[in-house]
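Chemist: Attaching a single structure in structure tokens format; questions to follow.
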């Protein structure tokens, strides 16, 4: 029974005692309420909805929701579904004793919210969980590189060769750090002279140009010679055609007849 000046009594089960039913209780409610009052809001919910009390200043109002808000977990009963508060250090929970997300300053581990992670685990400030410690892992070494000195492979006897490896698993905050990913050692090779690529290339280019120039010169001279010979031959032929043919001089011996001296 409610006393004078007190707010009316209602049952979370949605079933009010006949002796305590307030005249403001209504059956035609909005927002998923099965029964409600002007002062207390929802008194009971429609099937499958969760009943939860929301505090507004100094007043608590009943509301009906399809799922429980953050900081609450839902429980279903034959006569009512209701939302209950999680533990104080828990932001969201599955049950009161099993947290799924902790509030700031706590780390989640096996459904509990801890200020410090157990031994063998480390706090992950990104997920706010206690995680296993991860150590660094590296791949196998590569073969040794050719012996070099100042980036060259010739012109020296003593140089250096290197080998490398890759990081395949980066460590967590408390994990073992990664080892060196490169190594160098001294090496000895048979000295060989370096060919000056720029100068050799330039000399070859100059020789090629000179050869082409000489060939061009010989070709031009040969062409000039053929042209001169052809011109001389044509000129002789023309001269032969224009000059009259000379008569052949008689043979003096043939003109002299024998003198008969006989009487």
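Each Cβ is built from the backbone N, Cα and C atoms, and glycine gets one as well.
Okay, so TrEMBL annotates it like this:
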DOMAIN    31-130  domain 'R-spondin Fu-CRD'
DOMAIN    136-190  domain 'Spondin-like TSP1'
REGION    189-263  region 'Disordered'
COMPBIAS  195-239  compositional bias 'Basic and acidic residues'
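Help me see these features in their spatial surroundings.
Modeler: Across the domain 'R-spondin Fu-CRD' (31-130), DSSP assigns 0 helix, 57 strand, 43 coil.
Taken together, the residues in the domain 'Spondin-like TSP1' (136-190) have a mean pLDDT of 93 on the 0 to 100 scale.
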Chemist: When DSSP states are grouped into helix, strand and coil, how many residues of the domain 'Spondin-like TSP1' (136-190) land in each?
Modeler: 0 helix, 22 strand, 33 coil
